[in-house]
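Quick notes on the structure that follows.
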């Protein structure tokens, strides 16, 4: 585990310092050229001296001026980049993602520890989080659209960090005074504390969703100046940061919790959120000041209008649309059969409705309008295709790692495989930028989809390979009843008892491997993880493709609500895969789950192929590249 993380840190540091290395390389080339010019001048002077001639040293002034200009430009360009909006967004995003990853990992562990190493609270928390985003995703996006960008970012940041801070304080008190709390109100105070923790954690997740929609789906589009190439670069960089923090952040907080205590872990997260809140608030405020376009939110353009055009290019269409809206309102107000008294009576009836019913009806109307806006988008099929990819057990989550544990894979090897999967995810982000530049965005999605599906064929092969625990009687009940060869653990669930778990990462590391758990052959599990790891190259390239398609093809006034509905769809499809596991929880069922997952993923990519076919028939718009 240590060796894998060591090389991963080396790789990440290399990727992070790649622009600096390129700059240094260019400077070395310039110095070599200058050094060659100096040698040439010295040789000319020496030859002239031997011949008794005179050489005019016209090169020396140019060389000195070039050196001074290079030094000024190098320091100036570095300072400009460090103060620029891109760097500030990267730092702010890294801090936010690091805090999110730490908190999502720690809260699951805390809930397990609080409830006697039982998964009930964790399951309730997961259901509440998924259900809240599913129901409120459109409302969150609508709130992002209707408010100024700086207020949305600051409010989301404050709510998220304050919720995590208060939740950490409550958890610290519960851990310190658990026995005393359990003795009050016959234990009902404990239930109240658990409820407060879950509610606060859910509020923090909703605020994090709003912040992600605002920054990663809206701000960076404006910061890049509506340039597709720059937008692809920023999207890829943000995803690389997310991949790195997904590995290192849980590892860091897990080590604190393991070496110290859960109370110290809560304090560590609390301190991180307070510091991160201040830094992110300052950086986002500065980005908002130095990018004037962020303060402008134009109204919705006409349906079908290109959405990645600059605001100035939409002025004429918007004026025409406003005029048509005024005409329509005049027609409504002058409609026959509706006198002024009748209209005033209708308005009075609406205003006389109870406030709660009026608010509830407005919420339902907003949700309905959000889903309608999502459905009428040109990229609807692409977004649905991405959502279908969430219904899978072929990822490095607790389901897959639990299955690997039942197949005799150690925790240290799982951590190493997780580090390798992070590297392949980074390779996917690099491949995305290369393919987009060479073949275009839509074709990049097609290539990524094909690569993803081809790699997942290895997972399908693992179901029928030697060592697979799948019982074919589940598919063909008429087969002769016989004992399927699997050593021990045939009734071992995919999520074993957490009493022997050592929490140090997203992967659960088991301290003691039960005897008799090894399968007859490791071919099946090798094929499974080979397919899962290699498929992440195409997966993350496809994810970035659909993300940029949503950014490019959704108008500014609807980015929030459409991306909110997209988040709801992602959570809905993610819930389905947990329902699948609940319905088939045994290791011998896992092969069926793999096949169902591949079918969902194939359906998602088929939806994207239909979108790509439709998009290629449309004439290309006049957009920046």
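Note: Cβ is positioned from N, Cα and C throughout, glycine not excepted.
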Original post:
According to TrEMBL, which listed range is transmembrane segment: 319-341, 342-364, 411-433?
Top reply: 411-433
**OP:** Name the residue range among 217-243, 379-405 that TrEMBL annotates as transmembrane segment.
**Re:** 379-405
Original post:
Hey, does the transmembrane segment (590-612) touch the transmembrane segment (445-465), meaning at least 3 C-beta pairs closer than 8 angstroms, sequence gap 6 or more?
Top reply: yes
Original post:
Is the number of Cβ-Cβ pairs under 8 Å between the transmembrane segment (379-405) and the transmembrane segment (152-176) three or more, considering only pairs separated by 6 or more positions?
Top reply: no
Original post:
Can you say which of 119-140, 152-176, 270-288, 411-433, 521-539 has the most Cβ pairs under 8 Å with the transmembrane segment (78-99)?
Top reply: 270-288
Subject >> Positions whose Cβ lies under 8 angstroms from the transmembrane segment (119-140), at least six residues beyond its ends >> reply: 107-108, 111-112, 194, 198, 201-202, 205-206, 209-210, 213, 363, 366-367, 369-371, 374, 495, 498, 560-561, 564-568, 571-572, 574-575, 578
